[in-house]
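Q: What TrEMBL records for this protein is below:
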- S59, Y128: Fe-coproporphyrin III binding site (BINDING)
- H188, E269: Fe(2+) binding site (BINDING)
Amino acid sequence: MTDGTDAARYDAVVVVSFGGPEGPDDVMPFLENVTRGRGVPRERLEEVAEQYMLFGGVSPINAQTGALVDALRAELGADGPDLPVYWGNRNWRPYLADTMAEMAHDGVRRALAFVTSAYSSYSACRQYLEDIDAARAAVGPEAPSVDKIRQYWNHPGFVDPFRDGLRAALADLGDRDARRTHLLFTAHSLPLSMAASSDYELQLRDAMELVAGHVAPDAPRELVWQSRSGPPQVPWLEPDVNDRLRTLSTTGVDQVVIVPVGFTSDHQEVVFDLDTQAAATAREVGIEVRRVPTPGVDPRFVRMVRDLVEERCVGATPVALGPLGPRSAPCAAGCCPAPTRPG
Ligand SMILES: CC1=C(CCC(=O)O)c2cc3nc(cc4[nH]c(cc5[nH]c(cc1n2)c(C)c5CCC(=O)O)c(CCC(=O)O)c4C)C(CCC(=O)O)=C3C
Ligand SMILES: [Fe+2]
């Protein structure tokens, strides 16, 4: 890794994402890639495999990342910086190591990495840095150097699409009483030990305020969690969105907007864990629910990626909303460390 926002030119951008299965035969190998060495019980894997099978074993995430790559190519083609865009995943094809080999073959020497997670934490940041280093090591001395673009939870290109989505959801519920609809902001749960070693929760609460404080300042709101994994004896962030919907219903809440502020695209954990599972829970307890879209390929989000690339190429002033300010790039050494895992 090289340092800072130096004005040196980069010669490529690489979009780095999670990856997902593209058919029934991919599901188990994909899940094994995700959970290797993570102590996730077999029963959990089988349960999640079934959830992927409900959608023919195809996660939406690869099509969505592909669409973002295409949109970014068009954006850079129109307005610069004039850089080729590559794409590599952590857990499924196109694998990052293969992409890195292709970049080396094409003569790329210095690349900028855009990760499809807006936040800090081991899973959302440090693990991607490790993936990049592992991919570079697999390629050898010809591998390009790679600098990771900063976290962007408080960038207007990420926040504005959520604001619009929340506005539209509230209008759709036809709400006239600003305090009637309860807002549940959701993000992927983490083991408490992993959460404690990063600013994940702090950044999520900041994003929640940037969205809700602007659109519906009087609406009751809270941050809740989804998609818990891991063995049952390991504590994870709570409450789960489903549990919270149940308890809210007992207090008379009958309208909820779910804002999946922890994610950048409507992938499996959004379409299954929220639109299928949480939506069923809401129906069961008599709550009318709307789910706000993630940024996806919203033109403002695509523009944000371009602007973040330019920020690193020419040292333009970093843009951020709210009190926390732009995250430093690169991450401080040792930030969001790997948690100690059971067994
Ligand atoms: C913070 C975070 C993000 C957000 C940041 C980011 O985007 O990177 C995220 C995203 C995602 N997580 C995803 C899928 C999965 N996550 C799992 C398991 C885990 N996630 C964790 C954390 C996160 N995950 C953790 C701590 C585990 C336990 C294993 C471990 O300690 O590492 C498992 C295993 C099975 C299970 O759910 O138990 C699956 C299948 C998909 C793809 C969805 C699709 O296919 O469309 C996406 C985008
Ligand atoms: Fe980090």
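Using N, Cα and C of the backbone, Cβ positions are placed for all residues, glycine too.
Each of these features: where is it, how hidden is it, and who are its neighbours?
A: Sequence-distant neighbours of S59 (Fe-coproporphyrin III binding site) (same chain, six or more apart, CB under 8 Å from its CB) are G20, P21, E22, Y52, H267, Q268, listed in sequence order.
Listed in sequence order, the residues of the same chain lying 6 or more apart from H188 (Fe(2+) binding site) and placing their CB within less than 8 Å of its CB are S123, W225, Q226, S227, G262, F263, E269.
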Q: Give the number of CB atoms, excluding that of E269 (Fe(2+) binding site) itself, located within 10 Å of its CB.
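A: 23, counting other Cβ atoms within 10 Å of E269 (Fe(2+) binding site).
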Q: Under 8 Å between C-beta atoms and at least six apart in sequence, can you list the same-chain neighbours of Y128 (Fe-coproporphyrin III binding site), or say none if there are none?
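A: V16, R90, A113, V115, S117, K148 - these are the non-local Cβ neighbours of Y128 (Fe-coproporphyrin III binding site), listed in sequence order.
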